[in-house]
Amino acid sequence: MVKINIKSSTDNKFDVDVELGITVADFKKVIATKCSIPADQQRIIYSGRILKDHQTLDEIKIQDGHTVHLVKGAAPPPPPPVEQQVPTPSNTQPQGIPGVPQNINDMMNNPMIQEMFNSRMMDSLLDNPDIFRDMMMGNPEMREVLNNNPEMAQMLSDPRQLRQSLEMMRNPELMREMMRNADRAMINIENHPEGFNLLRRMYTDIQEPLMNAANQQAASQNQTNSNPIQTNTDANPNSQPLPNPWSTNSSSTSSNPTSSSPSSRPTTGSSTNTGASNPWASMFSGGGGGMGGGTNNTGTNNTGSTNNTGASNPWASMFGGGGGGMGGMGGMEGMLGMDPERVQQLLNNPVAQQMMQRLMSDPAMMQQMITMNPQLRQMMDSNPQLREAMNNPEFLNMMTNPENMNAMMQLQQAMGTLRNNGVFPGGMGGMGGMGGMGGMGGMGGMDFSQFGNMFGGMGGMGGMGNNNSSTTRPPVNQEPPEQRFRLQLEQLEELGFVDRAANISALTSTNGNINLAIDRLLR
């Protein structure tokens, strides 16, 4: 019988008396009697190595009075429920609704989806059944189902029912229990007098209309999204020069290529758009393709101007003006403030796309989102151009376009790479005399860090992703990781992790969480 000292990651210390012939699994059971960590979640570290359950204490050369470190690991996944095999019908049913995730568990385990359901914006949304019902009616599949089933429409009008459904969606264990109950009910459905009739009505009244509406929508989208390059190409080679992609009148230059010669090009060009103009066009208009917005773009022997009588460019004056400099360009690294892979998964979800477009097209919801986010409200008050842009329905629709958001994410990653490589040192507080640049017109006016903070506060779902949207975001800690994670580094070194660079990298990626950092180091 020897005495082993136990030191947990929470700085709790105690000792146990064990025999050296027992296994590590039995050793964990003894430890579980003196701490709150279950045996299956214990990670015991000795001499920088994690102990395996089948090893004995003799094998690892542990002796009387030695100290081992105890870390709480992740809980093991629950075993899949055992289901009875039911006879499969001869006619095969459709596999699922097009555009809807086939595995709802994977979608609900997405951290971004969980943050969305836990946000105050979702709570306020469920308190107003009218807005929620309007969002559901905006989906053609759900609209057909609700029109054919008044009882379901009445359920969507009850805030209590909606809140109970939300609580179930927030709790993965509760949802799994509900799905197990549904599986058991389906197995025993033949014992219910009206079981098969209920199942038939559920299929004919709910599933079949959803399938029909979704198939029609998917067919129409496939028809409209056909590749125009493939359908319009002919066998003859194209000898025409490619037009300038950054020019606002590229269509006219492509149709008449000779008009772009130096002898025939006018010194002053203007374009008037009486319809809904491209909000991004005037950002790149003017001589030399400047990013000035068409107001102060003075090139060499060429002056460009736009007169948008329709939906004008709300970002023109933000990026325009002579020589303000690229103020706050360092904030582009934190633009959107989220993991690009998770954002990509969210953008590819058609349900999330419809919800986002619905939120952004509702002025009342946009105003509520601005009111609940003090940081966004302050930006609106200090920047009239941004407020005008957020009130522009066409611009909001373009902002919710998955292609545009993917492009913004790629721009974020590119700016982060440039900053990591030292191209943009010190946050790029301003690039001084950038007003000329051969007619580029300057890029002053708007602080990109404000634009990034706005999307960081919105959290990816129109203000719904950030659970702390009602509080002001704390300032970023500028201390080096060695000082910021000093205590965590000492704990890792005591546990036997001597690679300081790897420890700093793990702590930085986990934001100082010692347990997650240990899991990352042990992979």
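Heads up, the Cβ atoms here are built off N, Cα and C, so glycines get one too.
Marked as compositional bias 'Low complexity' by Swiss-Prot: 215-227 (among others).
Marked as compositional bias 'Polar residues' by Swiss-Prot: 228-241.
If you look up Swiss-Prot, you'll see 245-278 (among others) marked as compositional bias 'Low complexity'.
The annotation compositional bias 'Gly residues' is assigned in Swiss-Prot to 285-296.
What Swiss-Prot records for 297-310 (among others) is compositional bias 'Low complexity'.
The domain 'Ubiquitin-like' feature in Swiss-Prot is assigned to 2-77.
Among the features that Swiss-Prot reports, domain 'STI1 1' is placed at 100-135. Mean model confidence for the domain 'STI1 1' (100-135) is a pLDDT of 62.
Annotated domain 'STI1 2' per Swiss-Prot: 139-178, in sequence order.
Swiss-Prot lists 339-380 with the feature domain 'STI1 3'.
Residues or ranges marked as domain 'STI1 4' in Swiss-Prot: 383-415.
Residues annotated as domain 'UBA' in Swiss-Prot: 480-523.
The region 'Disordered' annotation in Swiss-Prot covers 70-99 (among others).
Among the features that Swiss-Prot reports, region 'Disordered' is placed at 215-325 (among others).
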Long-range environment of the domain 'UBA' (480-523) - Cβ separation under 8 angstroms, sequence gap at least 6:
7, 9, 43, 45-50, 69, 71-74
DSSP helix/strand/coil residue counts for the domain 'Ubiquitin-like' (2-77)
12 helix, 28 strand, 36 coil
Per DSSP, what is the residue tally for the domain 'STI1 4' (383-415) in helix, strand and coil?
28 helix, 0 strand, 5 coil
